[in-house]
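Since the structure comes first, as C-alpha cells, the remarks are kept for the end.
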Amino acid sequence: MVLSSQPPSSRSATGSVLSWPQVLGRLTAGQDLTRGQAAWAMGQVMTGNARPAQIAAFAVAMKMKVPTAAEVSELADVMLSHARKLPTEAICQDIGETVDIAGTGGDGANTVNLSTMAAIVVAAAGVPVVKHGNRASSSLSGGADTLEALGVRIDLGPEQVANSLAEIGIGFCFAPLFQPSYRYASAVRHEIGVPTVFNILGPLTNPAWPRAGLIGCAFGNLAEVMAGVFAARRSSVLVVHGDDGLDELTTTTTSTIWRVQAGTVDKLTFDPVEFGFARAHLDDLLGGDAQTNAAKVRAVLAGAKGPVRDAVVLNAAGAIVAYAGLSSHAEWSPAWDDGLARASAAIDSGAAEQLLARWVRFSQQV
C-alpha cells in the first residue's frame, strides 16, 4: 500500500473547515469523529502544528470516548505517511511476506522481552520477521534495550534493515528513527502518564507493512479496535491479550485472541494447557534491566528449559500461525501444531542461537 506524504485536508468529509475546538468538542461530548477529523488532528501533531495542550487533550478525550477502528486507522495511516519508508516491493520480491511480533507495552508487569525472543525463534524457523519496536515503556528494559545489550545495532536505516531481512531473515525498525515526526506526541504521551490512544499506535505503524503479526495489547478494551484496523488492511494477525493483563500470549492463565483473517475478526479464548504447557506464575516471567534480560535470551536460545522458554515457544508459534493465515487454506489446530513444532525445533537445533550470532555480526558490519 502506498500512502501519500501530503498533509491531510483541512476540511472534513462534509466540507467544513476543521479546527481543534471542532474535533475536541465532538470527543468531549462522547461523539465519534467524522471521516477525516482524526487524520486532520494527527496531521497537525506530526507536522508540529499542534500545541502540547492540544495533543494532550486529544489523546485523553479520545481515550475517554473510546476510539473506533476507523479513527485509529486514520491516525495510523497519517503516522505511516510521515515514516521513513522501507523498500517493501523489493523485500516482497526477494523473500515474500513478513511477520511482526510486537506489543503495546504498558502492562506494568516487567516481564522478560518475550516478543524479542520469539522474533528470533520465528526467523530461525524460516519465517521472515520485521520487528518494529522501541525502548522500555513500562518495564526496565524494552525490546530495543535488550537487542542493544545482545550486540544488535538498532540504529540501522531503511536500506540496512531491508538488507538484514534479506540476508539474515530478520530486521528491526527502531521506532524513533523511522517515525521522527512522532517526537511531538512522544514527549506529551510520557508527560500524561496514563495510557491513551497513542499507546496502541506503535504495533499499527510498522513502516515495512508486514501483512502478518502476533500483536499484544495490554488494554483489553482496545484490542478489538486494533483488530478492526488490521481487518481493514486484510492482514493476517492475532491480536492477543493475556487474561492476566500481559500484552503477550500468557502461560499463567488463558488469553483472549482476536483472530484477523480475510477481513474478518473472530474472538477466541486460548488455553495453552490444551497444547501441553504447564501453568506458570507471573513471577517466573519477570525480567530486569537490559543486561539481565539479554542473559535470559541467551539462556533460552542455548536450550534452557522452564517457564520462560515455554512462553517464548508459545508466542513464536502464535506468530507462525498468523503467518500461515495468509493462506486461505490454513486450519487453526493444525497450524498451531506446526507452529509449536517449528518453534521448538528452532531452539533445540541451535538455529535460533546461530541466527542471533549472525544478526549481531551483520548489524555491526553494515
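Quick reminder: no glycine exception, Cβ is built from N, Cα and C everywhere.
In Swiss-Prot this protein carries:
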type	residues	note
BINDING	Gly103, 106-107, Thr111, 113-116, 131-139, Gly143	5-phospho-alpha-D-ribose 1-diphosphate binding site
BINDING	Gly103, Asn134	anthranilate 1 binding site
BINDING	Ser115, Glu248	Mg(2+) 1 binding site
BINDING	Arg189	anthranilate 2 binding site
BINDING	Asp247, Glu248	Mg(2+) 2 binding site
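Features recorded in Swiss-Prot, as mapped to the structure shown.
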residue : record                                              : Cβ neighbours (10 Å)
Gly103  : 5-phospho-alpha-D-ribose 1-diphosphate binding site : 25
Thr111  : 5-phospho-alpha-D-ribose 1-diphosphate binding site : 23
Ser115  : 5-phospho-alpha-D-ribose 1-diphosphate binding site : 28
His132  : 5-phospho-alpha-D-ribose 1-diphosphate binding site : 25
Asn134  : anthranilate 1 binding site                         : 20
Arg135  : 5-phospho-alpha-D-ribose 1-diphosphate binding site : 18
Arg189  : anthranilate 2 binding site                         : 21
Asp247  : Mg(2+) 2 binding site                               : 29
Glu248  : Mg(2+) 1 binding site                               : 29
**Message:** When DSSP is mapped onto helix/strand/coil, what comes out for Glu248 (Mg(2+) 1 binding site)?
**Reply:** coil
**Cα-proximity to Glu248 (Mg(2+) 1 binding site), 10 Å cut-off, over binding-site residues Gly103, Ser115, Asn134, Arg135** = Gly103, Ser115
**Message:** What does the structure give for the C-alpha distance between His132 (5-phospho-alpha-D-ribose 1-diphosphate binding site) and Asp247 (Mg(2+) 2 binding site)? Integer Å is fine.
**Reply:** 15
**Request:** May I ask which of the binding-site residues Gly103, Ser115, Asp247 is closest to Arg189 (anthranilate 2 binding site) if we compare their C-alpha atoms?
**Result:** Gly103
**Asked** If we check Cα distances from Asp247 (Mg(2+) 2 binding site), which of the binding-site residues Gly103, Ser115, Asn134 wins as closest?
**Response** Gly103
